[in-house]
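Heads up, the thing below is written out as structure tokens.
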């Protein structure tokens, strides 16, 4: 019964958050039994020469072996991905997926410069950064230790990552890509002479978003609400 309750609760989570979180957990579970991290990491040579294109995706799904760092990252992935999807991306599933794609492509290109092999933590930092900039007045309680405004959260996470012995280069990459997305999507279009440069492809909207109702549509008489016919 407990598992049914957990499953029912998980199904209430928005689709993109649910899919990405489940993919991360299943990838880690697969590494425990079936796969090796060497089959997942980003390697441009293997992608281009051996056509192991799955590495373009799997490097965003593996957060290391089970342990404190894994659960820490999953907590922030789930929390801030969900808050974005239920907040500023509510009813805009295609736009949210496009943000993932934009961030993933840019991180992959920039990651080549730093020889970064796993970029899931950078994607987490991007999600947190975009949420924090869109929620500037929200006060965040950081594990009961510190309370500060949301825009400071990405930097607090980077400092905590440093305390755990991780490289901050991945976090900086995520923050940088998050800032680029935020600037192009939220800042530049509102500047004098500015315009939106990021446009979600129509096929994504057609595939993922509910069709918009035509305001000029007039329903047929039999479709209009009325007293039931005898």
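Using the three backbone atoms N, Cα and C, a Cβ is placed for every residue, glycine included.
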In TrEMBL, which of 140-157, 194-211 is labelled transmembrane segment?
140-157
I need to check the long-range neighbours of the transmembrane segment (53-76): which residues 6 or more away from its ends have a CB within less than 8 Å of a CB in the stretch?
21, 23-25, 27-28, 31-32, 37, 39-43, 46-47, 104, 108, 117-121, 123-124, 127-128, 157, 164, 166
Per the Cβ filter (under 8 Å) with a sequence gap of at least 6 from its ends, the transmembrane segment (20-41) is approached by 13, 55, 58-59, 61-66, 70, 74, 77-78, 81, 100, 117-118, 120
